[in-house]
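Per Swiss-Prot, the features are as follows:
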ACT_SITE  Asp36  active site, proton acceptor
ACT_SITE  Asp177  active site, proton donor
BINDING   Ser9, His68, Gly144, Phe145, Gly146, Gly147, Asp177, Gly178, Gly179, Gly199, Ser200  substrate binding site
BINDING   His34, Asp36, His68, Asp177  divalent metal cation binding site
Amino acid sequence: MKQYLIAPSILSADFARLGEDTAKALAAGADVVHFDVMDNHYVPNLTIGPMVLKSLRNYGITAPIDVHLMVKPVDRIVPDFAAAGASIITFHPEASEHVDRTLQLIKENGCKAGLVFNPATPLSYLDYVMDKLDVILLMSVNPGFGGQSFIPQTLDKLREVRRRIDESGFDIRLEVDGGVKVNNIGEIAAAGADMFVAGSAIFDQPDYKKVIDEMRSELAKVSHE
């Protein structure tokens, strides 16, 4: 298994002090910044765009930034996020008219590319694009708002995606987003995930390092027989 990565979702941070909160989470031991983009069309919420990402880079954030696009259409905005400093760009297959083309567009703009699957989205979109993926992100809540509870059926879906990744032989991260907490991160990792998005579980606590250390401690107990 790859090294586990913890990716705080800045959707749950204090937007009035976003640079400071993001830097604090990284200093507390996080690996990746998860950046949620919502357009009030594909999902019923409106969040942040490329200018905010560029501001984080200008603030001095050098860690990988994982941009999760919950927008439709997708292709128009991809180059803007790449130019602003995105490291990874993921999108929902339902939001793209041509999934293969969007994946190629992300790569052409110098970013890693990934697909995102909502709780009820079938995995059949993976059938012909595994060779173009760096990340597969499973939503364990319905996208749109932070602070929701983990949907247990995601564990079976994780096992299936882990099997597909292992059989493909490709180097693909398996990421989970939604309701990830200290008390379930071990179970999620055991099902095959190696990258964990956590928003309110980290940012709603006064001590980010304590939460991230507790998550690492749970992950250290996971065995992959």
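Residue positions begin at 1 at the first shown residue.
Note: Cβ is positioned from N, Cα and C throughout, glycine not excepted.
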(Q) Quick check for you: of the recorded positions His34, Asp36, His68, Asp177, which have their Cα within 10 Å of the Cα of Gly144 (substrate binding site)? (A) Asp36
Q. Can you name the binding-site residues among Ser9, His68, Gly179, Ser200 whose CA is within 10 A of the CA of Asp36 (active site, proton acceptor)?
A. Ser9, His68
Q: Restricting to the same chain and to sequence separations of six or more, state which residues have a Cβ under 8 Å from that of the residue listed as 'active site, proton donor'.
A: Ser9, His34, His68, Val116, Leu137, Leu138, Met139, Ser140, Val141, Val197
Q: Please find, for Ser9, His68, Gly144, Phe145, Gly146, Gly147, Asp177, Gly178, Gly179, Gly199, Ser200 as listed binding substrate, the greatest distance between any two Cα atoms, in Å.
A: 17
Q.
For Gly144, Gly146, Gly179, listed as binding-site residues, tell me which one has the smallest number of other Cβ atoms within 10 Å.
A. Gly144
Q. Under 8 Å Cβ-Cβ from Ser200 (substrate binding site), six or more apart in the same chain: what's there?
A. Ser12, Gly146, Gly147
(Q) So if I draw a 10 Å sphere around the Cβ of Ser9 (substrate binding site), how many other Cβ atoms end up inside it? (A) 24
